[in-house]
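Remarks on the structure that follows.
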Amino acid sequence: IDSLYWKFQVNSDRSSTVIEEHVEGSVFQRSASSATSPVQSGIYNPNLSDRENYQIFLEAYKEEIEKEKERLIQEDLYYYQTTLQRLASYKGLNYFLKDGELELTNNAEMLKEGYTSYPAYILFEGFIQNVYPQEIKENPRFHWITPDFYSQDYPDVLYIGFENEFLNPRIAEWQEDKEVANYALYRMVAYLAGLTASFIYLLAVWGRNSKDDQEIHLNTLDRLYNDFNVAICLALIISWFASCEELYRSQNAVLIYPTTLVIATLGLIFVLSLVKHIKNRTLFKHTLVYTIFHKFFSGIKAIYDSGSLGMKVAILAIGYPLCIALTFFMFPITIGVAIWLSFKKVKEFKAIKEGVRRVKEGDLATTINIKGRGEFAQLAGDINSITDGLNKAVENEIKSERLKTELITNVSHDIRTPLTSIITYVDLLKTEEDPEKIKEYVEVLDQKSQRLKVLTDDLFEAAKASSGDIPVTFERIDIVSLLTQGLGEVDEKIQERKLDFKFNYPREKIWVKADGRLLWRSIENLLSNIFKYALEGSRVYIDLEDTGPGVRLTIKNISAYELNISSSELMERFKRGDESRSSQGSGLGLSIVTSLIEIQKGSFAIEVDGDLFKAIIFLYKDNSKETPLYSE
């Protein structure tokens, strides 16, 4: 009524109106065709007091107000009757309500003490509560009704008693719901365990093609920067919460499941992409922020490293003030970093200065250790390289002097021995008259002169081979046939030394690109060493192996002498495994083989393992023609 009266005052200046007002859900209408407004008929008078105009208003709208009151009364009565019917439908529910003089109950004979005998009850008397069992107070719905009971619209007394007839069906229903909930919980735990196991398995195998594959394979999606990937994952989580809340509010909760499935699938894809980068150790490196800063600082560093010293000084002179200006808020830190860098560079300079001083004093083992790629690091590296070069030069010079001394000693010894014998037997011939003795002396002289000739020829050949002054004619040579034929030529020496040769070679023919004469000379030298130094009656293995681009020829034998010498020393000229030098070798064979093989663009090496001597020759194949098979 007050609201209608306020509208009545506001609309007083309108000449013709249709008054339509809402008072507690009711609509009043007074149209120009059916009724005349108070303003038009002069009912409202601004000169009168509000109270007088209000009385005029009540008289003018008396009929509408009475109709609205009647409607509200009918609504309340309908709600009242409906509520009583609902309460009557609950079996085993007893209640008593008192509001002033008004009392309402469905069991007039029941007193207050009788309600406390029920299995469950709720008693409200003013602000006093008596509830049994106490679990009722823990129910959220109890707290929903409690504040309303304390409001002015609630009755003074309210008793509610629940009999077993009311409680048992609900307890049974609750028990069924509990069992369903427990079953659902167990299923959820099982599903969660399966999901966790599956997710762990995905984390273990994701990014690899097989169990033994150790490489992480990235696809197109993995090219997305990881910071964008993380942002998308966060956006998916936020959108899921927002979608679930909106769907629940709009009573479309059934759509939560497909929405969750779609968002979870997308999230899993992006999370597994992050897992790949974690395994690949590129989680941070494959971010846009890292890429931008890395390229920026790498560009500056490249300019700094590629520039001259003057450019670097200019960059520092210009860049440092700019850095201070841009970081004025952290000025002490900038100064501290500059001081630290200065002390670091001074320390590096002192290390270089000290290293140069030691090298100058003859300490060639000195190494200047400066990390980084700056000017001082490069200078230290150059000084270390010079020191290493000087050290190697000194070592080579010492080794050269030692070799020269040994060469002179060995040559003198090997030449003097037969020469001394020749001189001695020549002196004997001068005085000897016995023909038999003379014949014996001549044979010795011939033997010693031949020994001297072999030694001289070997020395001359070694000099030519090492200087490379030997003509080389490359041919296409069947190395298996060459070895087979050569072994046949030295069969007498093999039988004489009682050696057992084992020749192993592939079934396919193997052609090498070499000089046949020089190659056989090299193999002959190795066989000659075997006849001189191999243990009599032992086996000799010759293995031929196809390595693809070339051929590896390996000759192995057991030495009759103790090889207490390294393979590098054994390769030196005039060096023998027989240190007593009682054998007939010159000590030049291995040196000659090395030179002859190298001028044929191959390589030669030896290995010593106890008394096992192994010579290895490598030559390149000649595949200019089709390779046939050897006949059985």
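Start at 1 and count along the chain as shown; that gives each residue its number.
Quick reminder: no glycine exception, Cβ is built from N, Cα and C everywhere.
Feature annotation from TrEMBL assigns domain 'HAMP' to 350-395. If you take every residue in the domain 'HAMP' (350-395) and average the pLDDT, you get 81.
Residues or ranges marked as domain 'Histidine kinase' in TrEMBL: 410-607.
The transmembrane segment annotation in TrEMBL covers 184-204 (among others).
For the transmembrane segment (224-242), the residues of the chain that approach it from at least six positions outside its boundaries are 259-260, 263, 266-267, 270-271, 273-274, 277, 283-284, 286-289, 291, judged by C-beta separation under 8 angstroms. Taken from TrEMBL, the feature transmembrane segment covers 224-242 (among others).
The transmembrane segment annotation in TrEMBL covers 254-275 (among others).
Annotated transmembrane segment per TrEMBL: 316-343 (among others), in sequence order.
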*If you run through the domain 'HAMP' (350-395) with DSSP, how many residues end up as helix, strand and coil?*
32 helix, 0 strand, 14 coil
